[in-house]
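Written out below as structure tokens is the structure these notes cover.
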Amino acid sequence: MNLPKPYTKNDIQQDITAGLTVLVMLVPQGMAYALLAGLPPVMGLYAATIPLLIYALLGTSRHLAVGPVAMASILIYTGVSALAEPMSESYITLVLILTLMVGVLQLALGLINAGALIKFVSQSVISGFTSAVAIIIGMSQLGSFFGISMPSENQLIPLFTAFVQNVDGIHWPTALVGLISLVLLVTIPKFTRRLPVPLLVTAGTIAAASFWNLDAQGVAIVGDVPQGFPAFQVPDVSFPALQILLPTALTIALIAMMESLAITKTLAGRDSPPLNVNKELRAIGSANVIGSLFSAYAVTGSFSRSAVNHRNGAVSQVSSIVTAVGVIITLLFFTPLFYYLPQTVLAAIILAAVAGLINFRVLRKTFAVKPSDGVVWIVTFVSTLTIGMQWGLLVGVGVSLCILLNRISHPHIVELGWDAKNRRYVDVNRFDHAVRVPQFILLRIDARLHFSNVEYVEKQIESLIHEKDKESSRYHIVVDMGGVNDIDTMGITSMERMLHRYDDGDLTLRFVNVKGPVADLIDKAGWSERTRRAVFTISLDYYVKQHQPEQDYMI
């Protein structure tokens, strides 16, 4: 376990306080998220026991609060509800197989140190996907919230259409309980964060439903919640089920891991241990694998509960152990108390939780900084809403990678001029006062040179040379390689090709400011002595002064 050193009595007290605070938030949330996943509410409590203990032992983050979350729950419902009826035995079996697969995938990625693959999913994709999924989750809860019939869909248009068609059938007692609960869940935390609002709302509505017999008036309640700790049971795995569930398992494994990493980075302090992506994968993967053997469905880090854990002073994963023990005690002794809990209250808890996941401010900021990233956000968001979550994520990742490849294949190349005021060479297109050096074409490449961009680099240099041909027939072409950190075989071949093409009587092509590792690779290429003399490790400024005396433009 990752404990701070020293771990004092005061630290223990802080962990206990934080763990109990998360507990009162987790119990109603866990039951709500289980319903969102199409599972009996008690399975949300199962998911808050063994997985928490396993992560506490193996995880690297001291503040991450793992357990059932809205994102994984809706992904499970989307992937499994097409194969079996929610709440049925076959559905539960498939969910446990899916959880086992998610854990195995995460564990395998961590064992082969493949955590870096997660970096290829950009923040714009994650943000757009999360916002869209939050809207889908919210729409999917309107049935339970208003007491109307809603289809099992994971796309916005069918959900919205179904709601409009059934809006006349709203069950007003159910809607009233849900609206009161939602208002309390949203407004009270704005005035104070000390109160365990979800637990208070849960307790209050249970008392009200029991006293006024709301179930007799048509308000759907949770009903019997099994009492006791889940027994050890290996899911009945079949090869056809593995094949069908694999796409969903991959999606949940990656999204769950990205959520956890984002939370961990956000909450990390100065004294936090370095984040080890592969170790985190192994920890959460182990939690899901072992959890699936105790009827727990897929877990990951929770934004809201992790923030509460951190805010209440947690200093280690002992707080998670306290939370897990509290849930186990609840399972053993207190589940009968949830019999009269209205399902609309659980829907309200979900609506209040996912509202914070919709973030359009990020979109505005992204467009202001990098419009192409904003396009990725919108494409991911719209695709997820219209064609489904898995395809929406794939489309977003695909567009993001295409833009990345386009950037890589079109590196930044600038023409340099002399900045007399600051005594340096700068981009002539960015600085109006920059003066071109007579008889010189000065260029700078700001990227690695490799097979995907050498053709573009050659064309850019060639176009600049053709422009200069109109002005003079003799000049030096000097390429500043200070921004080139690496080069492959095709990059070296491209340099050699340009030297043979442009280094003649009227033109002189030179590469300067070449970094040591790049120069070492060029040495290994076996260039001729004449060609090798065109490569220098000296600075651009030094080279120009050696071949062009200072003139009026440098004053």
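Think of each number as a place in line: the chain as shown, counted from 1.
Quick reminder: no glycine exception, Cβ is built from N, Cα and C everywhere.
Among the features that TrEMBL reports, transmembrane segment is placed at 32-58, 65-84, 90-112, 124-150, 170-188, 195-214, 244-263, 318-339, 345-363, 375-401. Per TrEMBL, the feature domain 'STAS' maps to 430-547.
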Contact count check, CB pairs under 8 angstroms to the transmembrane segment (195-214), set 32-58, 124-150, 244-263, 345-363, 375-401; argmax is 345-363
The predicted model's mean pLDDT over the domain 'STAS' (430-547) is 87
Using DSSP three-state counts, the residues of the domain 'STAS' (430-547) come to 51 helix, 22 strand, 45 coil
When you look at the transmembrane segment (32-58) alongside the transmembrane segment (244-263), do they share 3+ Cβ pairs under 8 Å, ignoring any pair fewer than 6 residues apart in sequence?
no
Contact count check, CB pairs under 8 angstroms to the transmembrane segment (90-112), set 32-58, 124-150, 345-363; argmax is 32-58
In the same chain, residues at least 6 away from the ends of the transmembrane segment (32-58) whose Cβ sits under 8 Å of its Cβ atoms read 1, 26, 64, 66-70, 72-74, 76-77, 80-81, 86-87, 91-92, 95, 137, 140-141, 144, 222, 225-226, 229-230, 279, 282-284, 286-288, 290-291, 293-299, 317-318, 320-321, 323-324, 327-328, 330-331, 335, 338, 341, 343, 346-347, 349-350, 353
